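Positions annotated as domain 'STAS' by TrEMBL: 535-658. If you look up TrEMBL, you'll see 1-26 marked as region 'Disordered'. Feature annotation from TrEMBL assigns transmembrane segment to 155-172, 184-206, 218-245, 265-281, 293-313, 346-368, 422-443, 449-467, 479-507.
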Amino acid sequence: MGVNSNRVEDFNSHGGSTTTTTTTLKISTEIPMPKTEAMEIHNVCLPSKKTTFQKLKHRLSEIFFPDDPLYRFKDQTWCKKLVLGFQFLLPIFQWGPEYNLTLFRSDIISGVTIASLAIPQGISYAKLASLPPIVGLYSSFVPPLIYSVLGSSRHLAVGPVSIASLVMGTMLSESISPVEEPILYLKLAFTATFFAGLFQASLGLLRLGFIIDFLSKATLVGFMAGAAVIVSLQQLKGLLGIVHFTGKMQFIPVVTSVFDHKKEWSWQTIVMGFSFLLFLLTARHISMRKPKLFWVSAAAPLTSVFLSTLLVFCIKSKAHGIPIIGHLQKGLNPPSSNMLYFNGQYLALAIRTGIVTGILSLTEGIAVGRTFASLRNYQVDGNKEMLAIGLMNMAGSCTSCYITTGSFSRSAVNYNAGAQTAVSNIVLATAVLVTLLFLMPLFYYTPNVILAAIIITAVIGLIDYQAAYKLWKVDKLDFLACICSFFGVLFISVPLGLAIAVGVSVFKILLHVTRPNTVVLGNIPRTQIYQSLNRYREASRVPSFLILAIESPIYFANATYLQERILRWIREEEEWIKANHESTLKCIIIDMTPVTAIDTSGIDMVCELRKMLEKRSLQLVLVNPVGSVMEKLHHSKILESFGMNSFYLTVGEAVGDISASWKPQP
């Protein structure tokens, strides 16, 4: 074997601090690669030496500050840093100085447009949460004002949403009757909102937003679809005019209650309800088919409220079978800090409800904000959004508001109406303010049936069957999580359905961690590229080599499995060699490129595997371990037992160098 040897340095001799690239040129033949006279072999180097404090600092920075939020402050004067600090804490200072009349014109149009949708939806969603209708309007006044100052999204329209309203109503109603104990129920709703805000703000402040990532899209698709079905069925109470209706939120009790109370069905309510439901669905369909006519679906709910109220007022002497909203108190939000429930037997219920609704509303709000930000090519800071939504809900709980977040339907209308900044939320709040001060008597004759029709129209869009079909085509485990969430909500309960779906998602994560993928690699002819034999038909085995790739970190949870799986690959390879009369297996190469981390159990597994293969006269070679893995192998002294000829930078170099060493010396 001819060797042209350059300066060679032992990568252990410098304690891992060297960055010198060492090379050894060796003649290599009898392997499937391009015909070249020599191959350059690179040593695998250790990362530069760092102290424990430096490593911890880097790791914490990657976990909590992946976006490096303070990069704008580098190399700035103190005056500039102060300005940037205000802009960082209060995003309104970013766009405020450049605000002009043209932007205001767009914002006032979009603000008035979403107000026409937010006012009837606010009343309807409060009823969905079993709260007084006026609370829905209160929740459409204070939170938008706070978000316009603290929020980083230009298009997010803030207010009550159907899912959070449903979950809050369901969880609180299981223990407290909103009819028999309305004051206590209201106290718990405000307290749950406070804890939801506290939880959300804490996530933003501590930069722990990754916690909400456990609610995967698959989980939310199933959850929202199931919730939409339950909400729609619950609205049959209003559409049919039923007085005595079940308070349960499961499919079978709701459907049973509908048919058990057929005698209470009111034909006047049915005719009015389904007529306006058809009108609202038609308006929604028109806007979906022609986005430029977005104002049709936006104005439809307020138009329905106006027409139905006028109709009931005109026939009030003959409309005794149609329930109406009745008196709504005029005036601004009354303070409610004295109603917060911080001790007693129901405190745990309020905290639990707050955390669940907080997670759901946060997930929806951030997802909606990022969706519209991507359409306009700007970024929404997730941690700022958590802080803004959290502080918004904490302040809201002290001003008679319940849980609020960014609504997809209102945000879509806001975007299509041409909103430019968060001022559209201020315009929305102003419109609600005018309504609270002067227009409340106009809602006296508004029938409950129209609120039911508005809710059904709003939640029906949450049933995304196309997304479910895509999950089935792409990932069966994601589809399983979706289905579990859907049927869990439908037949068990809303919170338990969500918990089941999260459990399935966590199980999927554990499955990927504990049972990682391993593949056998082969060489693509006339190249030094090595890819999966199953995936690439042109890839071929390299004689006397078994080349494996581990596609995950090696942890205590999967170390035993990986050892067993590698030994099985070896056994199967030896059986294949025997059956096909191929060259004897001599070397096992493991491509460590996808192995991003390793712990002590993983190191022990690698060491034990090397000893087992050594007894069978098989050489174990590791290719391209990443810096952190190489460093841990070095500290564990495993490098000394392996030797320098057991580590290579690429599979091609490993195959070429090792096969060349098997040739007889001239």
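Using the three backbone atoms N, Cα and C, a Cβ is placed for every residue, glycine included.
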Going along the chain, which residues at least six beyond the ends of the transmembrane segment (449-467) come within the CB cut-off of under 8 Å?
120-121, 123-125, 127-128, 133, 162-163, 217, 221, 224-225, 227-229, 231-232, 235-239, 241, 269, 272-273, 276-277, 280-281, 284, 300-301, 304-305, 308-309, 322-323, 325, 408-409
Same-chain residues near the transmembrane segment (218-245), Cβ under 8 Å, at least 6 residues beyond its ends:
128, 162-163, 166-167, 251, 254-255, 257-258, 261, 264-266, 268-270, 273-274, 277, 321-323, 363, 448-449, 451-453, 455-456, 459-460, 462-465, 467-468, 471, 475, 478-479, 481-490, 494, 497-498, 501-502, 504-505
Helix, strand and coil residues within the domain 'STAS' (535-658) as assigned by DSSP:
63 helix, 21 strand, 40 coil
In terms of Cβ proximity under 8 Å, which residues at least six beyond the ends of the transmembrane segment (346-368) contact it?
156, 158, 161, 163-164, 167-168, 171-172, 175-176, 184, 188, 191-200, 203, 209, 211-212, 215, 220, 380, 382, 385-386, 389-390, 393, 403-408, 411, 495, 498
Are there at least 3 C-beta pairs under 8 angstroms linking the transmembrane segment (184-206) and the transmembrane segment (265-281), leaving out pairs fewer than 6 apart in sequence?
no
For the transmembrane segment (422-443), I need the partner stretch with the highest count of C-beta pairs below 8 angstroms, choosing only from 155-172, 184-206, 479-507.
155-172
Near the transmembrane segment (155-172), which residues from the same chain, at least 6 beyond its ends, have a CB less than 8 A from one of its CBs?
114, 118, 121-122, 125-126, 128-131, 136, 139-140, 143-144, 147, 178, 185, 188-189, 192, 223-224, 227-228, 230-231, 249, 349, 352-353, 356-357, 360-361, 364-365, 368-369, 372-373, 376, 392, 402-407, 410-411, 413-415, 419, 422, 424-425, 428, 455, 458-459, 462, 493-495, 498
